[in-house]
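Listed features, source TrEMBL:
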- GLU1210: active site, proton acceptor (ACT_SITE)
- CYS18, CYS23, CYS26, CYS48: [2Fe-2S] cluster 1 binding site (BINDING)
- CYS88, CYS91, CYS123, CYS125: [2Fe-2S] cluster 2 binding site (BINDING)
- LEU224, ILE225, LEU226, GLY227, ASN228, THR229, SER230, LEU231, ASP327, LEU371, ARG386: FAD binding site (BINDING)
- GLN716, PHE747, ARG861, ALA1028: Mo-molybdopterin binding site (BINDING)
- PHE863: substrate binding site (BINDING)
- 1-66: domain '2Fe-2S ferredoxin-type' (DOMAIN)
- 196-381: domain 'FAD-binding PCMH-type' (DOMAIN)
Amino acid sequence: STKETFLTMRLTGTKYACGRGGCGACTVMVSKRDPTSQEIRHFSVTACLVPICSLYGAAVTTVEGVGSMKTRLHPVQERIAKSHGTQCGFCTPGMVMSMYTLLRNHPQPSEEQLLEALGGNLCRCTGYRPILASGKTFCLVSRGLRGHPQSKNDGDKWSKLFVKEEFQPLDPTQELIFPPELLRMTENPEKRTLTFHGERVTWISPGTFKDLLELKAKHPEAPLILGNTSLGPAMRSKGCLHPILLSPARISELNVVSKTNDGLTIGAGCSLAQVKDILAERVSELPEEKTQTYRALLKHLKSLASQQIRNMASLGGHIISRHSYSDLNPILAVGNATLNLTSEEGTRRIPLSEHFLAGLASADLKPEEILESVSRKLWEFVSAFRQAQCQQNALPDVNAGMRVLFKEGTDIIKDLSITYGGVGAATVSAHKSCQQLLGRQWDELMLDEACRRLLDEVSLPGWAPGGRVEFKRTLVVSFFFKFYLQVLQELKKLIKPFPVPVSALAFMGSWQHKLPPSSVDSHQPLQDPVGRPVMHLSGLKHATGEAEFCDDIPMVDKELCMALVTSTRAYAKIISIDLSEALEIPGVVDVITAKDIPGTNGTEDDKLLAVDEVLCVGQIICAVVAETDVQAKRAIEKIKITYEELEPIIFTIKVIHVSLAFEFPNQNTPSGTFLYLPLTGEVHVGGQEHFYMETQRVLVIPKTEDKELDIYVSTQDPAHVQKTVSSTLNIPINRITCHVKRVGGGFGGKIGRPAVFGAIAAVGALKTGHPIRLVLDREDDMLITGGRHPLFGKYKVGFMNNGRIKALDIECFINGGCTLDDSELVTEFLILKLENAYKIRNLRFRGRACLTNLPSNTAFRGFGFPQGTLVTESCITAVAAKCGLPPEKIREKNMYRTVDKTIYKQAFNPESLIRCWNECLDASSFHNRRKQVEEFNKKNYWKKRGIAVIPMKFSVGFAATSYHQAAALVHIYTDGSVLVTHGGNELGQGIHTKMLQVASRELKIPMSHLHICETSTAMVPNTIATAASVGADINGKAVQNACQILLKRLEPIIKKNPEGTWEEWIEAAFEQRISLSATGYFRGYKAFMDWEKGEGDPFPYYVYGAACSEVEIDCLTGAHKKIRTDIIMDACCSLNPAIDIGQIEGAFIQGMGLYTTEELKYSPEGVLYSRGPDEYKIPTISDVPEEFNVSLLPSSQTPLTIYSSKGLGESGMFLGSSVFFAITDAVAAARKERDIAEDFTVKSPATPEWVRMACADRFTEMVYICPLPLEPPSHPTPWAIFK
């Protein structure tokens, strides 16, 4: 691929993150001269899918070509960095390239164009708001959105977190020109056929249409490849190999567009982005009634994949691929589109019909034919519908195209066509139902009959691929009802008078997403760097691609690549492993097994490499070492492992008996007595994948003597990697040095797991004597590493009629996976944090970690709090429903109010909690908006709004004193420059930036004098994992201590020469033999918990906050949009408000993903289905609330921490639940209006499926009345299980 070529050329700015074109990290700009208009076209593409051979005649611009620190920065790079739009920085080059390409085409874009351009770029850190803020500085017109991030100081003077006026202007005349050599090539295009021979594939690019037809006749089985958006992922994930590929990229005939009075013909080679532009132009030219099909296609093209994919994918390829989830084929099919085919024998036309879409030979292309163009005539009343897990860049669960034609001047159906995608192996036509409805009047009777017929004809068995059967069947009829209402509105315009039912007046139209405003508020002292919104130290390097990550390190001499072999069984005995065929593959050096480990192979219950048995799909069995990554992966396929299945195999908490829980003391908090009639309920919280943008990776370099190793690893805990490698190789820790420059996101997923990969790679390095590089693909990373623990909670609550809760009993079970890992600690933290912000006198909390045959779950941002506290808040909501009171009243009534003790007897003052709550209510105008929501819901039946406000008391830190210690090493050199090293790791949270702010204040010198190189176990030993939100706290204390020691040594010199410069003082100190190096140390916060007594002081301090969110749901599809979110967070005295606000926003959006879109799906055999961005949907830029306000509570003091600051890395995660509870509020309103019980089982994430089925109506009843097809004996299990 093009990405692999960049790596060979050492252009490492373009990042590899998913390999499927789904994340945008590898975005580059491709420029070509249009042969028709002669204009230069610039378009963004994902390099991981672009075959290098396809770029003949094209110019490729990577982030290195846009600007650099060594030459000049481009305004895009400068603004995204200075707007604080980078955190870990791994996604930033892709963001820069998407924005840069947009500006090359539109120097003053609209906000809608900006949102569309960035829709295919994922970010797991920032929450997107600052990225959008940087892009908005280029936009021509602002819709009155409230400016840029701001902060508020004690003097009540406003100053911005960044100042737009300081940015360098964008000057289009200074951009790179299209290479003259390529211009000359386009003026005299090469007509001969170009052939590129690879090791296993031959790429043939004909220069003329005639040559293409001849080649297709000669190689009828060879696929035509243009965008590679369908074939590329299939070749990677399914191992599809085509010896010959035909590229028609240079054939101008495939890009011809012709317009007629009654239709449009578009060349099959036109990209989907070009099709979108062509249709938009046509819509502007023709009367509205003649463009319904075009507008339906445009509607889907806006949400189909990403801008990068639309730029690459061709219309012909999209049609010919015939994916069941195709967004365009259903519309083209109902629109009676025609496919124009050509071969050496001549031309012919076939309809894009249900028979073609089903792949029937009689209606399909012949092997030697190609699709030249697609024609479409004009029709009336055409609509398109789709529903996906999220709004943008997501494959649809179900989509549909519908068309109706009436007898002139009537509402009698003359012709009707309905097709669906996502409900079968191909696009499905409801032809029988349509035929039986001809001649019927367009009314309620027709609607009822149509729905019954559609459910009967478009049937789905319970084991259907993709699952979600009831949901999909509901969408089948919900979409038709939407179409029915739309047509009624049109008929009203054409036939007067025409009665329209009341239900149509409450119809929900489509949503247009708006850019969120950028309004934040925080404390900002002005006297020194501490408290200032200092840009991330690596921000500019992130934006230029010059920030070096683990896999960017150049290849070292004799380096080998490693690939892992994992189990394909969930619970089985290993009978044999046959390596013979793998070892015969050229380039394969060795295969590492458990027998090669000279020291300890993990622990008894958690092996590094499996021995005798496997406990889950994805457990590592052995590792292949080869000269290249490709060779290693080929060898994996040749390793033959024989298994013997074992019983029982368990995946979900529901089927677990208590005896299958992990063996450790059952964690309880003190019990009370129920005095009131209890209410019971259940809560299900799904798991979550870390989805750090940089996958797990490590480079191990053995030295020539004393068994020394240098390990470059992406980890939150290099000391743990060091210790694990030491025990695995049976060599002392002092021979091993771990280096961490920066990490491309961690979120807890890089605490324990990197040690496993580092140890396996180290065994390979020791055995072969060569450096070993191990980089996990996204699929393997998600399969192997586990994530957040799914939770099943049961509660029993006793309360009074006024909402006062008198007793609460909660029992939680978490899915720990196949090994203990961090499950015991997660259970402990879960129990300690369950009470959240509430004072309830009689409490009993119990927790269990359950053993299952899934990859072991591990630490994740929030560490149990986001799952457990959802149970508590769901209980509050249920009490409110029973009392007939708003949930916020119940929350207020039960909240801590005065200095008190927690359930585990730790004293605290809730003053800041109450302040956050009250300020959130005021800032969000909550009570007024609650009334507005109620008014809206009265007027709308098919769409509902919900609003919720959630308080938070988040405990920071580890529950053990030894985990709060930290050290730092500060060197002052004779030129006055200072090198700071500490034990924290840069994960994107800006810890290095904050440490230099601390050092700058303590040494009283500018930050420009200071530098941090890396985190190294050779510089600072015995470090603690950078986790639990205390990284800046404890390392800041250590840096402060070191600087104070140095300054004390310099005091006599400064007193002697008070007017001297820093450089003069340092020179004098050196002459007087004063040590200019100091180790700083912080012994840690005291923290302990006595589980026997159920009491202790396990946490150093608390972070308080509150969030209010408002949403709107579509009751017919389950979709929702986020209207507004307001967050108030207690940060005390922020070290860096820009970084802290970024942490809050990023955590909130990540939490919002946990509670709304992120869903892990497993096969009944325990194989993870959701192994990439196509199937696993983290929030995208369009998921950011339309109005998003974050404020930091005005300054408060806490003497415990560095400069009275607080760690904010994790706390914002739970505030994402405000969106979840706003959704459940809207669902409750819908259920109340339908006279359905308002209390219902709470299930997270609140996916469109859950929302739609919870908003029960006559269409969901139809689905349950119409039985599913019987299951054949060979399919006794559902398609998927959800963890």
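Cβ coordinates come from backbone N, Cα and C, glycine included.
Here the binding-site residues are ASN228, SER230, GLN716, and the one whose Cβ sees the fewest other Cβ atoms within 10 Å is SER230.
Comparing the binding-site residues LEU226, ALA1028 by how many other C-beta atoms lie within 10 angstroms of each C-beta, the top residue is ALA1028. In terms of C-alpha distance, the listed recorded positions CYS23, CYS88, ALA1028, GLU1210 place CYS23 closest to SER230 (FAD binding site). For the pair CYS26 ([2Fe-2S] cluster 1 binding site) and LEU224 (FAD binding site), the C-alpha distance works out to 24 angstrom. For CYS125 ([2Fe-2S] cluster 2 binding site), the same-chain residues that are 6 or more apart in sequence and have a Cβ closer than 8 Å to its Cβ are GLN87, CYS88, CYS91, MET693, GLY745, GLY988, GLY1142, GLY1146. Those residues of the chain, other than CYS88, CYS91, CYS123, CYS125, with a C-beta within 8 angstroms of the mean position of the [2Fe-2S] cluster 2 site C-beta atoms are THR86, GLN87, GLY89, PHE90, THR92, ARG124, THR126, MET693, GLY744, GLY745, GLY988, GLY1146. Within its own chain, GLU1210 (active site, proton acceptor) has ARG861, GLY862, PHE863, PHE865, PHE954, VAL956, ALA1028, SER1029, ALA1147 as residues 6 or more apart in sequence whose C-beta sits under 8 angstroms from its own. A Cβ within 8 Å of the Cβ centre of GLN716, PHE747, ARG861, ALA1028, the residues given for Mo-molybdopterin, is found for these other residues of the same chain: GLY746, GLY748, GLY749, ILE751, ALA859, PHE860, PHE863, LEU987, THR1026, ALA1027, GLY1209, GLU1210. The two recorded residues, ASN228 (FAD binding site) and CYS123 ([2Fe-2S] cluster 2 binding site), have Cα atoms 24 Å apart.
Cα-Cα distance from CYS123 ([2Fe-2S] cluster 2 binding site) to CYS23 ([2Fe-2S] cluster 1 binding site): 8 Å (rounded to the nearest whole number). Taking DSSP states H, G and I as helix and E and B as strand, the domain '2Fe-2S ferredoxin-type' (1-66) has 18 helix, 17 strand, 31 coil. In sequence order, ALA25, CYS48, ARG778, GLY1172, PRO1173 are the residues near CYS18 ([2Fe-2S] cluster 1 binding site), counting only same-chain partners six or more apart with C-beta under 8 A. When the neighbouring Cβ atoms lying within 10 Å are counted for each of the binding-site residues (CYS123, LEU224), the highest count belongs to CYS123. A 10 Å cutoff on Cβ-Cβ distances gives CYS23 ([2Fe-2S] cluster 1 binding site) a total of 31 other Cβ atoms nearby, all chains included. Sequence-distant contacts of ARG386 (FAD binding site), defined by Cβ-Cβ distance under 8 angstroms and a gap of at least six in the same chain, are HIS300, SER303, ASP327, PRO396, VAL398, ASN399, ALA400.
Using Cα positions, the member of the binding-site residues CYS23, GLN716, PHE747 nearest to LEU226 (FAD binding site) is identified as CYS23.
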